[in-house]
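Quick look at what TrEMBL annotates:
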type: COMPBIAS; residues: 1-28; note: compositional bias 'Basic and acidic residues'
type: REGION; residues: 1-39; note: region 'Disordered'
type: COMPBIAS; residues: 29-38; note: compositional bias 'Basic residues'
type: TRANSMEM; residues: 50-71; note: transmembrane segment
type: DOMAIN; residues: 50-237; note: domain 'Cation efflux protein transmembrane'
type: TRANSMEM; residues: 77-94; note: transmembrane segment
type: TRANSMEM; residues: 114-136; note: transmembrane segment
type: TRANSMEM; residues: 148-168; note: transmembrane segment
type: TRANSMEM; residues: 180-202; note: transmembrane segment
type: TRANSMEM; residues: 208-229; note: transmembrane segment
type: DOMAIN; residues: 243-318; note: domain 'Cation efflux protein cytoplasmic'
Amino acid sequence: MKVRKNDGLSTHNSHEHSQQHHDHTSDHHGHKHSHGGGHVHVAQDKLKKAIFLGSIVLAAEVIGGIWANSLALLSDAGHMLTDVAALIVAWLAIRMSTKEPHGKMTFGYHRITILAALLNALTLIGIAFFIGGEAYQRILNPVPVEGLVLFITATVGVVVNLYIGLGMRDQANNVNIRSAMLHVLGDAAASAGVIVAGIIMYFTKWYILDPILSILIAVLVAFGAWRVIKETYVVLMEGTPVGIQFEDVEKTIRSVSGVKNIHDLHIWSLTSNRNAMSGHIRVDGNLSVKEAQTIIREIENVLAQKFQIGHATIQVEDNEHLHDKEMFGIDRNWVH
């Protein structure tokens, strides 16, 4: 774009500005970490404690389920596995957020949590189908269940899950921890159902209740896993983040004073709650570099406040800037 001579510059490199802005942002975040390191360590310590306790409950439910011959308790153990996995993903998210990007991983390691969540969800889908098949066989041929063992083990699960979930309330502002906390509290509710089933079977010998409850828990696990798969699919395919409407972002950028048009707009997320955007804006070719930077800053601010987009790369162009599809010697049919 053209620049006024009194600026002492002949060209405006928006990528250079973008890099300077991101360097400043990185320094700013680094400064924040120096003050918030204690908060990060507290969150990590709580998550490690929760993972340890959750793993103990998981082992207890597997052992108790085999001992009591209860498929419902084993199903609840499968549900508990989702909780432990969610806690591990939350812990990974915090740990990876402190790991600096480098030349080969310029965005850092945030997507490790997405890959971990996807692997966990696929595993749980398999577990849910296995439980469903076993439950069907037990409906056809009910087997005796040790209701007392079922009751005691599930009670331990409820107590520990409530302790874990309520103990993380002060960290609920972190989206990953909040998600893990809701997972754990949801499992406490499922364990409560197992307790009720244990009491009923202990007094009535109505053993068919065990496979019926197993199927209900398996369906709950499968739905939760499918929801995670859909969310990770959007992130890995670099789709527009859930909760953000592409047209709204486009309209908001166009509404900024000085912006004539916006094209080649892309919105994606690195991981949960870390949204990014890139786009080309068309402005008056006679603007100074300082005036163009003012427009960029205003766009960055409104994107952060309205859409929680914290990483924005904006290229400034005028009417004379044309995109040559062959300029890189590759197929550029995706340019829009």
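From the backbone N, Cα and C atoms, a Cβ is placed for every residue, glycine too.
Caution: TrEMBL annotation is automatic and unverified by curators.
Keep in mind that what you see is a predicted model, and the values were worked out from it rather than measured.
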Q | Leading stretch by Cβ pairs under 8 Å, where the reference is the transmembrane segment (50-71) and the options are 114-136, 148-168, 180-202, 208-229 | A | 148-168
Q) Short question: which residues 6 or more past the ends of the transmembrane segment (148-168) have a Cβ under 8 Å from it? A) 46-47, 49-50, 53-54, 56-57, 60-61, 64-65, 67-68, 70, 72-73, 76, 80, 83, 87, 177, 180-182, 184-185, 187-188, 191-192, 194-195, 197-199, 201-202
Q.
Which residues of the chain, 6 or more past the ends of the transmembrane segment (114-136), have a CB below 8 A from one of its CBs?
A. 71, 74-75, 78, 81-82, 85-86, 88-89, 92, 211-212, 214-215, 217-219, 221-222, 224-226, 228-229, 231-232, 235-236, 271-272
**Q.** Per-residue pLDDT averaged over the domain 'Cation efflux protein cytoplasmic' (243-318), given as an integer
**A.** 93
**Q.** Cβ-Cβ under 8 Å with the transmembrane segment (180-202): same-chain residues at least 6 beyond its ends
**A.** 47, 50, 54, 70, 72-73, 76, 79-80, 82-83, 86-87, 89-90, 145, 147-148, 150-151, 154-155, 157-158, 161-162, 164-165, 168-169, 171-172, 209-210, 213, 216-217, 220, 224
Q) How many helix, strand and coil residues does the domain 'Cation efflux protein cytoplasmic' (243-318) contain under DSSP? A) 28 helix, 29 strand, 19 coil
